[in-house]
Structure formats: C-alpha cells, structure tokens
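Contents: one structure, followed by commentary.
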Amino acid sequence: MKKTIQRGLFTGALVLMTAMTAKPANAEVNYQALVDADVKAFQGFFRKEFPDVKLEDFGNGVYALDEDARKQWKEMEEFPPYELDVEAGKALFNKPFANGKSLASCFPNGGAVRGMYPYFDEKRKEVVTLEMAINECRVANGEKPYAWEKGDIARVSAYIASISRGQKVDVKVKSKAAYDAYMKGKKFFYAKRGQLNMSCSGCHMEYAGRHLRAEIISPALGHTTHFPVFRSKWGEIGTLHRRYAGCSNNIGAKPFAPQSEEYRDLEFFQTVMSNGLKYNGPASRK
C-alpha cells in the first residue's frame, strides 16, 4: 500500500514537472530540453521500480517483468501468430494501384520507415502516424483507405515494423506547435476518465507489474515500440489505436475515433517517452 502511494505521488510530480520548469523572460524556449527532462524522469521512474530490467527490455511489456510469462511468450514467438500477417502486408505494400504506383512508391528505404513515425508535421500542424501515412498514400493515388483498427492496415503496418526492427526511437519536439501536441498527449495520459475514474498512468505506472484479475499490468515505458500486435484475445492483429479504444472501454470511458487528434497526440507523447529504446514490432500479446 505504501509503495502504491509513493508511485502515485511520483506520477503526480511528473505531471507538474514541465509546468514548473523556469523559462527566462523573452528567451527562446528550448522545447526539446523540456521534453528530454520529462523523458529522463519518466524512464528513471521505471528503472527505479524495476532495477533488474534493462532499459531495452521494457519494449517487451510484461514479459520483461515476469519470468514465467516471458518463457511462455518466447515459446509463442518461435512460431509467431503474426507471421502470415507480415507476409500479407508485404504483398499489399508492393501491390500496384490502378495508376501503376504502390504503397512502396510513397515510402523511402524500401519501407523500413517505422523509426520515422510518429512525427509532428510543421506545415500541417499535427501529428502524423504510420497508419495515417499508409492511408494518405492510398487516397493520394486514388485508392480507398483501409479501415483503421485491424485488417489490411495492421498487416501493412506489421510488415513495415518487421523490416524496421532495431531502429531507435528518437522522436523530436522542436517547435511550440509540436510541444503543444506533446502536452495534449501528456495530459491525456495522466488524466482520469470513465466510470472507474482511471488514467493511463494509474494503470501503467502506479500498478505496473502488479496483477489485475489474472493479468499482469504492463509498464507504460515501451508501450508503442512493438505495435501492431497479435492479441490472443482478438484472435488477430490490430493497431495501437485499437488497443487505446479497448483501454477506454475497460474503464467505462467513451473511446475516441481511431487516428483522432486525441489518440495521435497520446501516441506522440508515449513514443517520446520511449526515446532511446528500439522498435521491435510486430509482437504477440495475450
């Protein structure tokens, strides 16, 4: 009980950290420095709570915390349930559109671009996610967009993630507009909502590593590195925003639309918090 209270106090302090950072009058604000301070505190929290876990292992979720669960997961990864989805995603990525182009025409580096997303588009003044870029490519070439949460969008995303494994998370926040989006995502992460009056941080910081019913709560650090995921509960592969919607439903809150500004800003914040880790998707989860 005492440790839970201490965790709660610490997460509350993280919420206030940026607002309390002194900014010299009339001086140009170094937004990246403010964000880097958040990252240091956020990652420091988890490294203190789980001193035996290497930083890079947080991308493996609960399997970094529980040895029995890790063994079961490794056995499952020997014959990954998402393997066929990756193959299907590759075919879709290279399939010609009616105009002769393809998704491959829109992405550099042969499609190994997971490390480029999400990013803040300074011209459009909004966060752009990988799934958003996939559908924008299709629409720009006269094709219909994929449905957002599962199916072909998740398969293409899984293929791109698979050929991008090992790329380092390094999301930049350079401007006031980018910082505003980051702060919206941060506020979403720490805000309580729904019938259960819970927050993302309440589950995945204060209760990280503990059991809720029969499940172990995953740590927030590394949450975005391994998506899309094949969840046993779903019986299929799905996107990060599908998982966000599921979390909202679990606490009795109305989900936002997939790829809404709210969820894109949340993804932006969460990915920034994982700066320094490596992308390791797609992955399998319960």
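Glycine too: its Cβ is placed from the backbone N, Cα and C atoms.
CYS247 (active site, cysteine persulfide intermediate) falls within a helical segment according to DSSP. Every protein chain considered, the tally of other Cβ atoms within 10 Å of the Cβ of CYS247 (active site, cysteine persulfide intermediate) stands at 16. Summarising the annotation, Swiss-Prot assigns active site, cysteine persulfide intermediate to CYS247 and lists similarity to another entry as the type of evidence.
According to Swiss-Prot, the heme binding site annotation covers CYS200, HIS204, CYS247, on the basis of similarity to another entry.
The annotation substrate binding site is assigned in Swiss-Prot to ARG243.
What Swiss-Prot records for CYS106-CYS137 is disulfide bond, and it gives similarity to another entry as the kind of evidence. Within the same chain, residues at least 6 positions away in sequence whose Cβ sits under 8 Å from that of CYS137 (disulfide bond) are LEU103, SER105, CYS106, PHE107. Following the DSSP three-state reduction, the secondary structure of CYS137 (disulfide bond) is helix.
As annotated by Swiss-Prot, domain 'Cytochrome c' applies to 180-286, with the evidence given as sequence analysis.
Summarising the annotation, Swiss-Prot assigns signal peptide to 1-27.
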DSSP-derived helix, strand and coil totals, residue by residue, for the domain 'Cytochrome c' (180-286): 42 helix, 16 strand, 49 coil
Neighbour tally for HIS204 (heme binding site), based on other Cβ positions within 10 Å of its Cβ: 22
Position of peak Cβ density within 10 Å, selected from the recorded positions CYS106, CYS200: CYS200
Per-residue pLDDT averaged over the domain 'Cytochrome c' (180-286), given as an integer: 97
